[in-house]
Amino acid sequence: YVAAVYEHESILSPNPTALVDRQSALELMGRNLDIYEQQVVAAARQGAQIIVFPEDGIHGFNFTRSSIYPYLDFVLHSHSVKWNPCREPYLFNDTEVLQRLSCMALKNKIFLVANLGTKQPCEHTDPHCPSDGRYQFNTNVAFDDDGMLVATYRKHNLYFEYAFDTPPEPDYKLFDTPFAGKFGMFTCFDILFFEPAVNLIRQYNVKQVVYPTAWMNQLPLLSAVEFQQAFATAFNINVLAANIHHPTLGMTGSGIYTPVKSFIYHNMESYGGKLIVAEIPVIATDYETNLEKTLSRVSEKGNEQLPLFYAEMMYDNFTFVPVWGEKGELRVCANTLCCYLNYRRAVLTDELYALGVFDGLHTVHGTYYVQACALVKCGGLSFSTCGQEVTDATALIDFQLWGNMSTSYIFPLLLTSGITLDFADHRGWKNNHYFISKNRTSSGLLTAALYGRWYEKD
């Protein structure tokens, strides 16, 4: 099927904490919706059957609970009401944004997924009801090609979003398409947690995911395109990911991902939005990961003479060993996790690489348990630069990287120079170890990592 995602540079309110009236809010959102409309037309012209827009793309961000109120549409989160906002605009008040989105889908005969702020009055008899008598949700909406509202999803894992409420229960939201079957949806930070993202995929056997996000890139392990691809690869699914474009805030990185191919956009240099359209296969059945390569065992004595050192990476204290010379076998451990690396370099460059391990609770900007084995390019030649954000590299490295992970949820990361992506040649489980291997990356290696999420220990 043909899918489209739009990385949108949103027109932002100059003062998001100021209180404005509904008319002014609609005016600002209308300017963003005008751009959406042009992109829907462009995508439909290229044969797209579905288009996905980013999180916060219509209203922007940095609101307070009260200042965002005029920007919120009313949405009934109920399966029982069938509603086409374009054809039946009079059914509910404060649905101008939904009406415009619905009409775009209808006019262009395209499935459309967008993110907006929504409100829902609640009774004080509801124990979860906020004191101001209303819920405010960060919401994804999906419309079919007739403009019918077919699914609404309320973001569960809020990322310092004080304007919004967490829904009382996680939403598991799916919608059906004639061209690719069921799609699941969740938003941004949700991708790092078991509920609802992983549970949705497992319980409903979802093979296609739409993913609006407003993601601030963090190298070396959590760049948007890097983790989006790892997620598609780990679960053997297609992911349609639309990010916001604000390079000054470190926000860029969208793509259409299959388990074996990625169509991505990552641009920290220029301004303006970007439409990605790609034809991708519908994923029907699970295929077995190809494991004909055997892993050679790193001897316990592998790196006795190498210095262990500690450095901060992604706000976590990693234990590292340097990756020196043209080839070698390394091992580094922390807590219960041991990471192993076999490597060979085509040409020796004057770049320092290191193999790092972390097995513990990550506590900055969210709390979650990580088990990671990471081969990274350091920022400079001293050990203290390992873990820094690096975007360029020249070293071409053949490697096998493996670890005795305690969780089955492992995201294989493979990031190359200029924030481009590559795929492992082989990956999977062997003898209670998870591994990835690669002969010769397409360009210089920035990061090769196994990013494990041990959800039970969050």
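Each Cβ is built from the backbone N, Cα and C atoms, and glycine gets one as well.
Quick look at what TrEMBL annotates:
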DOMAIN    15-282  domain 'CN hydrolase'
ACT_SITE  E55  active site, proton acceptor
ACT_SITE  K155  active site, proton donor
ACT_SITE  C188  active site, nucleophile
### Task
Would you mind giving the whole-number mean pLDDT across the domain 'CN hydrolase' (15-282)?
97
### Query
Including all protein chains displayed, how many Cβ atoms other than that of the residue listed as 'active site, nucleophile' lie within 10 Å of its Cβ?
26
### Task
Across all the protein chains here, work out how many other Cβ atoms are within 10 Å of the Cβ of K155 (active site, proton donor).
25
